[in-house]
Amino acid sequence: MTEFFKNINKIQFEGTDAINPLAFRHYDAERMILGKSMKEHLRFAACYWHNFCWPGSDVFGAATFDRPWLQSGNAMEMAHMKADAAFDFFSKLGVPYYCFHDTDIAPEGTSLKEYVNNFAQMVDVLEQKQDETGLKLLWGTANAFSNPRYMSGAGTNPDPKVFAYAATQIFNAMGATQRLGGENYVLWGGREGYETLLNTDLRQEREQLGRLMQMVVEHKHKIGFKGTILIEPKPQEPTKHQYDYDTATVYGFLKQFGLENEIKVNIEANHATLAGHSFQHEIATATSLGLFGSIDANRGDPQLGWDTDQFPNSVEENTLVMYEILKAGGFTTGGFNFDSHVRRPSIDAEDLFYGHIGGMDTMALALERAANMIENDVLSKNIAQRYAGWNEDLGKKILSGDHSLETLAKFALDSNIAPVKESGRQEHLENIVNGFIYK
């Protein structure tokens, strides 16, 4: 293993009185809640890209991180060093899972054949690392957005040769994900959108993207991949408008191409807020549509209009997130992947741990609070009472199709219907939720 984290020991749970900044105060992996351990409920993962590929640069300035695996040198040697550092970090942090893009773990090289060869070599390395550490792969994916060839999209590119190049990456990344025991495969369409309608054929691009998704599903079944295929919605950035805008938009897209029973969503908190939604809204929408798959845990800055990918730190926000997840039965193949990165001036090795520890403690405390809400589920009782009329004779006949518009109008007139207003009691329910969060 690398020496980069040599002065950091494995992170332990030390309880709420802990003064050690490199310790968990709330995340006790084996603590039982609602019949499962915290580890089983939360299924934490750390990502390769933000932690080991981003050099700390931004559009206004150069890299700030002094990472040995990001220095100039033989690209494959740097990839091996990066893998050493990554698995050392994952192991010391104590997450059970990790996630990667294909080009996170291996250099692209100068040709498609070189990419395939480099990637295959590094998959061998990751397989060995998993055997040595016991770490598992939550999901893999292909980076079909960073290389300049994808400046006008991958699946939606006007050039079918670019489409074919992206398909080759996806083919290899899916095979690697299956080989490494990955529980999901993610599709994020970072460039699947447009900058201007002046040069865009919307129908053509939707057909292309739909066909790519169909090919992915066909290949999943051909190779016998047992994991879940996930789409990660995002409204914009890097493109002006992306076709996977939000969960509801994704559902409409999947229905159009007959994929609504084949693909679920990987919801990111910051993407939800960029789309004008709350994190809770996107999860509730996904569970109501049968699309809930996995989570990219992070947060945005409400004063900024872009994807800041900060670590989650709001127990209040994430209690409601955990409540929706628990109410829906919890994760199956998904989990909480920290698609989060330290700030550009946070240059020390310890900073990577501080960010994840804070995020893991936040989600653990949110889980605890949400479990209390489930055990004393006042919200569900209020909702059931509010919609009780739909379980009575009139409501049942409307939904079953026993009433047409004409017969329902006749019934209303004959019965002299006079609905009585009832309070939504929002403020009361908000106070109840606060009682659980701040007890």
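Backbone N, Cα and C atoms are what each Cβ position is placed from, and that goes for glycine too.
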Same Mg(2+) 1 site per Swiss-Prot - residue from ASP201, ASP296, ASP307 joining GLU232, GLU268, ASP339: ASP296
Among HIS101, HIS271, the most crowded of the recorded positions [Cβ within 10 Å]: HIS271
Quick one: give me the count of other CB atoms within 10 A of the CB of ASP309 (Mg(2+) 2 binding site). 21
Of all the binding-site residues given, namely GLU268, HIS271, ASP296, ASP307, ASP309, which is spatially nearest to HIS101 (active site) at the Cα level? ASP296
Listed in sequence order, residues not in GLU268, HIS271, ASP307, ASP309 with Cβ within 8 Å of the centre of the Mg(2+) 2 site Cβ atoms: LYS234, ALA269, ASN270, LEU274, ASP296, ASN298, GLY300, THR308, ASP339
